[in-house]
Amino acid sequence: MSFWAVSRGLSPPGATSKVAPMLNPNQRQFLEDEMRLREKMKLMARGDTNAMDDMYLRKPETVDDPLELDKHDSFYQTTKSLLVLFQIMGVMPIHRNPPVKNLPRTGYSWTSRQVMWAIFIYSCQTTIVVLVLRERVKKFVTSPDKRFDEAIYNVIFISLLFTNFLLPVASWRHGPQVAIFKNMWTNYQYKFFKTTGSPIVFPNLYPLTWALCVFSWLLSIGINLSQYFLQPDFRLWYTFAYYPIIAMLNCFCSLWYINCNAFGTASHALSDALQATIRGEKPAQKLTEYRHLWVDLSHMMQQLGRAYSNMYGMYCLVIFFTTIIATYGSISEIIDHGATYKEVGLFVIVFYCMGLLYIICNEAHYASRKVGLDFQTKLLNINLTAVDAATQKEVEMLLVAINKNPPIMNLDGYANINRELITTNISFMATYLVVLLQFKITEQRRSQNTSTTIT
């Protein structure tokens, strides 16, 4: 009884020295629901129907109808094309479960037909990759007197081939986490609809997803064909090993872009619904629901990085390594032999890699700002003097929740994805390039001195 008394601001007899317990959000929600229910039972006993109608009671948690979940899962419906493309490519073989209660809408199973198809596609692709890799290594080893830029090309494209062997470990192993992320989106949209009475609308997301799917493959074909024409030793059949690899990198960039835009759209819809509620009557009780919605949105952003941590971690490493090697190779060849069309191919690789890194970091920055800073700014602009004390308290608690759960895009603790990552990578690249070019210039001067001495 002392727990109930302290929670109501009373001092139970014999317990004046006790300290009020610290409650987590779930315990506080449970306690508030119990207190409101007790109040409603008292009003029912007195027959005060008017007061009962004005009292807010949270709806009891029930198992959601899978058909209703599908009906309001507009994010899945608008981005389904990218999910199907990942299944066809064998990159992420998750599947949609049948509409059965107590069964998540999206699942992952090592015995599913999607995984079997992914293994088949991966086996065919690996066969081609192994053949191309053997040819590349053979030429790299048996031709030591080749020009430096050709050696750089071999190093870059050999390193790209190794990303194929990391696919099962980096992508398939995190399939259950990806399914959790997809289910979080499904449940969040239905919860948003039940709380606000309106669905989340993603304008232009359906055509954008289709356009990105097509563009990812067209860009892959364009990059590989450009290397075929710019490199004399790059055979046409080599491109079949690189088409799916480059397309996979493009598709993951598209996936990140789509999710970051969806986070911003959901945050904007939530802030609009919150402002409309503030202008209504007795908004305090409803603000509790909005606080839980915002926390769920922040957790979804964190789950995105957790689900794809290995893939995007590998992504960043490939970009970092490839950019350094390509930049160093192009500058070295320009110093030694002047600018040629071969260096254009290296610069294409550099701009491509840096473009991918910029899109990922920039979109993560905008998503974090929309969900965090912009949402917080709208809360701070609320005129608290025009609302009651309970509403003021709920707004303050929502601000505390934002401060305690910052919407950060994090790769499972490896790195934070934001604009700072771009500057950090550029600074590291510049450092390595300066050191490598110093060795290059020193070696060039030494060879010139040697030739002068011989003469």
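Glycine is treated like the rest: Cβ placed from N, Cα and C.
Just so it is clear, the model here is predicted, and its values are computed rather than measured.
Among the ranges 1-20, 141-160, 321-340, the one that TrEMBL lists as region 'Disordered' is 1-20. Residues of the same chain lying 6 or more positions beyond the ends of the transmembrane segment (205-225) and with a Cβ under 8 Å from any Cβ of it are 75, 77-82, 85, 239, 242-244, 246-247, 250-251, 253-254, 257-258, 261-262, 265, 348-349, 352. Beyond its flanks by at least six residues, the transmembrane segment (115-133) meets 87-91, 93, 109, 158, 161, 164-165, 167-168, 172, 175, 237-238, 240-242, 244-245 of its own chain at Cβ-Cβ distances under 8 Å. Just going by CB pairs under 8 A, the stretch in 153-172, 237-258, 312-331, 421-439 that sits most against the transmembrane segment (343-360) is 312-331. Taking every recorded stretch in 237-258, 312-331, 421-439 and counting its Cβ pairs under 8 Å to the transmembrane segment (153-172), the highest total belongs to 312-331. Below 8 angstroms of C-beta separation, residues 316, 319-320, 323-324, 327-328, 331-332, 357-358, 361-362, 415 of the same chain, each at least six residues beyond the ends of the transmembrane segment (421-439), sit close to that stretch. With a cut-off of 8 Å between Cβ atoms, the residues of this chain six or more beyond the transmembrane segment (312-331) that come close are 148-149, 151-153, 155-156, 159-160, 163, 166, 170, 249, 252, 256, 305, 343, 346-347, 349-350, 353-354, 356-357, 360, 411, 414-415, 417, 421, 425, 428-429, 432-433, 436-437.
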